[in-house]
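According to TrEMBL, the protein has these features:
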BINDING   A:Gly166, A:Arg167, A:Ser168, A:Thr232  NADP(+) binding site
DOMAIN    A:7-121  domain 'Tetrahydrofolate dehydrogenase/cyclohydrolase catalytic'
DOMAIN    A:140-280  domain 'Tetrahydrofolate dehydrogenase/cyclohydrolase NAD(P)-binding'
2 protein chains.
Amino acid sequence: MTETRTLSGKDLAADIRSQVAADVKALREHGVEPTLAIVFATSDGGTRWYVSSIVKAAEKAGLRAIERQLPDDSTTADIAAELQRLANDDTVHGIILQTPLPVGVDGGALAALIPFGKDIDGINPLSAGRLVIGESGFAPATAAAVMELLRFHQVPLVGRHAVVVGRSAVVGKPVAQLLLREDATVTVCHSKTADLPEVTREADVLVVAIGRARFITGRHVGAATTVIDVGTNTDDAGNLVGDVDAGSVVGVAAALTPVPGGVGPVTTALLLQHVIAAARAVG
Amino acid sequence: MTETRTLSGKDLAADIRSQVAADVKALREHGVEPTLAIVFATSDGGTRWYVSSIVKAAEKAGLRAIERQLPDDSTTADIAAELQRLANDDTVHGIILQTPLPVGVDGGALAALIPFGKDIDGINPLSAGRLVIGESGFAPATAAAVMELLRFHQVPLVGRHAVVVGRSAVVGKPVAQLLLREDATVTVCHSKTADLPEVTREADVLVVAIGRARFITGRHVGAATTVIDVGTNTDDAGNLVGDVDAGSVVGVAAALTPVPGGVGPVTTALLLQHVIAAARAVG
């Protein structure tokens, strides 16, 4: 039985938020009011809850936050018009386009409308490309949160084997790029991977971002594995559950981030930090 | 002793070139003269040889090719001015910025000046980002050549373990993205990887792009490994040698691309194919 360390994100998130609050104060003294705008086009309860949690966190840190809720039947052109308004508004420093978007809307075309400097959640293809090439820019906040958690808990990466399960453009792929930048050997697995447990058991660091509740179990991890659970699924009882079956992994893996209280709060805090960086770059 | 299959690139390159020649003819009949421009700022013999080999291949296929040799002491601004001229020239469909660039020149800034539609070697960060996100665009020709070779020789990829050694923005990283797109499980290794042979021996497909002559030997491969050698090094005798020590790998691995005659000719042919695609998109 391995003693599995819990890698909480709460203290780290609190640290980032208090630094953000101090930075906001300094920026205001220079006449800059750091401002975040969140665009969404759904009345889905979960999304609205998530958006308002970001707004609350922003306001608590002294940031101005603007919610732009568009109708559920918005078209690509409707959302594009809103993004262009915000792109041209010098008082807005960071823009988030929150998913899910209405069916039929061209998310790729919309992502490209968020100016690189305001793209604080790294969804513009230019942000993605600069990440690959190693140039400055905003990584998707969730991917950045995984890296900050690993750093905060002093998990070594140089030369270690990091395995990422999931290859989405918003988590899996950017996390792989960031792990590579930190000199880890990086494997990306997905639904087509043959014998997944064999691959993941060898991982020193296992990042799970597949969007399937409790998919990763004790047989997927080794005694040396640090598991980062990016999942945010809702179970039948309405509880937030990760992609990792914590009950089965605890006692087997070396360490595990909790859900909730792991990657999530760090992600929100980093979105605010990115707004500060964006405001500084133009302020 | 395994019988190691030789995966030549010559027949594939010839196929692509003859298709390009046919496409050129069709485009000319529609009044479009597909044109490639190559910008370089070095008098280095190897580079000049490489550039003129592309120009010769282009002209043989009926494409117009323009060489723009700038002085060895060109600045970022000098090269930028040339790229901007070509970017604005509607008669130019594809632009290659050939390395090495003069010391101190900002290659990243220059890459971003090649318009996305003319970026036939995929060096603009937007091209890189669209590759990650899965949107259309030109992949770096060398990375695309690796994939075409695997397809031509019917090497299966779905669910197989592909290992890429090297993480450059022009080969290793884009090859990893393309392998992932084909549903391989992909591991990226590099100079900091612990126990490289242990990782590479497990590979079904091993792509080597590290720029170190004969670095990969028999102990790095398994009997099931198909080895793609992207290396183009020059040995003391002036011969072109790969990153793989063919003498040591033959008899151990399942298959190996030769150097010369493997990835190289396919890369050149694909650059021409990309010019056709770029000309079609605007013609």
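Even glycines carry a Cβ here, placed using N, Cα and C.
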Ask   = If we take A:Gly166, A:Arg167, A:Ser168, A:Thr232 as the binding-site residues, which have a Cβ under 8 Å from chain B?
value = A:Arg167
Request  = Using DSSP, break the domain 'Tetrahydrofolate dehydrogenase/cyclohydrolase catalytic' (A:7-121) down into helix, strand and coil residues and give each count.
outcome  = 57 helix, 16 strand, 42 coil
Note = What DSSP reports for the domain 'Tetrahydrofolate dehydrogenase/cyclohydrolase NAD(P)-binding' (A:140-280) is 52 helix, 26 strand, 63 coil
Query = What is the Cβ neighbour count of A:Arg167 (NADP(+) binding site) at a 10 Å cut-off, with all protein chains included?
reply = 26
Long-range Cβ environment of A:Gly166 (NADP(+) binding site), under 8 Å and at least 6 residues apart = A:Gly172, A:Cys189, A:His190, A:Val207, A:Val208, A:Ala209, A:Ile210, A:Gly211, A:Val230
Query = Do you know the mean pLDDT across the domain 'Tetrahydrofolate dehydrogenase/cyclohydrolase catalytic' (A:7-121)?
reply = 97
